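Per TrEMBL, the features are as follows:
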BINDING   GLY166, ARG167, SER168, ILE232  NADP(+) binding site
DOMAIN    6-121  domain 'Tetrahydrofolate dehydrogenase/cyclohydrolase catalytic'
DOMAIN    140-284  domain 'Tetrahydrofolate dehydrogenase/cyclohydrolase NAD(P)-binding'
Amino acid sequence: MTARIIDGKVIAAELRARVAEEVARVKREHQVTPGLAVVLVGNDPASEVYVRSKHTQTQAAGMASFEHKLPADVAQANLLALIEKLNRDPTVHGILVQLPLPKSLHTETIINAIDPAKDVDGLHPNNAGRLAGGFAALSPCTPLGCIILTKSVHASLEGMNAIVIGRSNLVGRPLVQLLLNENATVTIAHSRSKDLPQLCARADLVYAAVGKPEMVRAGWIKPGATVIDVGINRLPIADGKTRLVGDIAFKEVSEVAGAITPVPGGVGQMTVACLLVNTLRAACALHGLPKPAV
Ligand SMILES: Nc1nc2c(c(=O)[nH]1)N[C@@H](CN(C=O)c1ccc(C(=O)N[C@@H](CCC(=O)O)C(=O)O)cc1)CN2
């Protein structure tokens, strides 16, 4: 079997186009321009690329984009003061602090300072708790993207056996909750799980989000399973250059799986598109408007 490739680039482009249509409608009918503020602390090269892409895609969708770049040695009090200012700014409907933060800053304190109604990353404990309780919440973007990609293959996930490898607050934990909301049966695994290959072999849906290059091998995969790779690992090649690989051994797993996401060009593409969705939803909720159609 050769797996169908789930094209994140195409699916993300379609989603961004639907967001742009809804943004235009909300501007026309309600004179509201959704606004996203992104805060970047320091100069991590990958984070700089992601923040630039957020800025470009936010503007392309017709939203207002506010970028705040702070030095790596910024005092925590100053960062908190900026967040407080953004919380009060009526033109800002979404606030995102790019992660990881420099070690000198306490990530939990920073995230907790964001108004939960503007927390388009879905990381504030109010949103994480609401998601875990099965209530409406702003949910983290990458897991949202994983669900959309999975549903491009399976209209319903009800009763399917899913395994999530990884338990981070950004991906693994919220993904488990989103899968439960879809009525999937979910196994949560992580770096210390025993018998990982056997656990995977039972799964119809495999999500790898551990940050270990090509860890998941063909022998772990049930034939025909849908495999979603969240890993973004940079492996050094010649001349100081790097190449991107996921957490799935793509070539060999493609021979067994029914459908698979590539890296790059899979889940990563969905992260920013889902951020636009969350910003639009937050703007509508903050203005008491009906939920947008996306
Ligand atoms: N506050 C947050 N910080 C981080 C998040 C997040 O959701 N919120 N996620 C990641 C980084 N990230 C967005 O912030 C992100 C990662 C990957 C991509 C992407 O488009 N990947 C491409 C490859 C790009 C490349 O060459 O590096 C792909 O997979 O096709 C977009 C956004 C950590 N921080």
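Yeah, the Cβs are placed from backbone N, Cα and C, and that goes for glycine too.
Known features from TrEMBL, placed on the structure.
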residue: GLY166; record: NADP(+) binding site; Cβ neighbours (10 Å): 23
residue: ARG167; record: NADP(+) binding site; Cβ neighbours (10 Å): 18
residue: SER168; record: NADP(+) binding site; Cβ neighbours (10 Å): 16
residue: ILE232; record: NADP(+) binding site; Cβ neighbours (10 Å): 20
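In the predicted model, the domain 'Tetrahydrofolate dehydrogenase/cyclohydrolase catalytic' (6-121) has a mean pLDDT of 98.
For the binding site of NADP(+), formed by GLY166, ARG167, SER168, ILE232 according to the record, the largest Cα to Cα distance is 16 Å, rounded to a whole number. Helix, strand and coil residue tallies for the domain 'Tetrahydrofolate dehydrogenase/cyclohydrolase NAD(P)-binding' (140-284), in that order: 56 helix, 30 strand, 59 coil [DSSP].
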